[in-house]
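Have a look at the structure below before the remarks.
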Amino acid sequence: MVLCFPLLLLLLVLWGQVCPLHAIPKHLTKARWFEIQHIRPSPLQCNRAMNGINNYTQHCKPQNTFLHDSFQNVAAVCDLLSITCKNGYHNCHQSLKPVNMTDCRLTSGSYPQCRYSTAAQYKLFIIACEPPQKSDPPYNLVPVHLDSIL
């Protein structure tokens, strides 16, 4: 039994080193992290665009999509009819019109030398929305997760 505690502690420490890959940086709200990861008003080459995201997480994110629109326009999608998200929650909303976007996929490298392919797209998107936190823009709901691309 005495041997179990150190082993459990080691597992928790190791899990903590893996878990932050999907965690939101502590000083950011979910909406701000969504904006950093997914909003780019104009197209940008993926190697450069992903560098900023990967610097927050200290790893190469395998895939990411940038919506080429304003945060305000994307947040307006949160006011549309709610639909079911991939995780079964009912806080997702689908865009009415397609938007230009860039899909970035990791092709090689390890942090900080991550290399990505860049693919331009014009598609609909589904986002998860939640009430804003204190430092978020004063909308009824704000985007917090890019659930899917259609």
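Each position is counted from 1, following the chain as shown.
Note: Cβ is positioned from N, Cα and C throughout, glycine not excepted.
According to Swiss-Prot, the features are:
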SIGNAL    1-23  signal peptide
ACT_SITE  His38  active site, proton acceptor
CARBOHYD  Asn55  N-linked glycosylation site
BINDING   Lys61, Pro62, Gln63, Asn64, Thr65, Lys86, Arg105  substrate binding site
SITE      Lys61  site 'Critical for catalytic activity'
CARBOHYD  Asn100  N-linked glycosylation site
ACT_SITE  His145  active site, proton donor
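Sequence-distant contacts of Gln63 (substrate binding site), defined by Cβ-Cβ distance under 8 angstroms and a gap of at least six in the same chain, are Asp103, Cys104, Arg105, Leu106. Sequence-distant neighbours of Thr65 (substrate binding site) (same chain, 6+ residues apart, CB-CB distance under 8 A): His38, Met101, Thr102, Asp103, Cys104, Gln121, Phe125, Leu146, Ile149. Checked against Lys86 (substrate binding site), the recorded positions Asn55, Asn100, His145 differ in C-alpha distance, with His145 being the nearest. Taking the Cβ of Asn64 (substrate binding site) as reference, residues of its chain lying under 8 Å away and at least six apart in sequence are, in sequence order, Gln37, His38, Cys46, Met50, Ile53, Asp103, Cys104. The distance from the Cα of Asn100 (N-linked glycosylation site) to the Cα of Asn55 (N-linked glycosylation site) comes to 25 Å. Of all the recorded positions listed here (His38, Lys61, Arg105, His145), it is Arg105 whose C-beta has the fewest other C-beta atoms within 10 angstroms.
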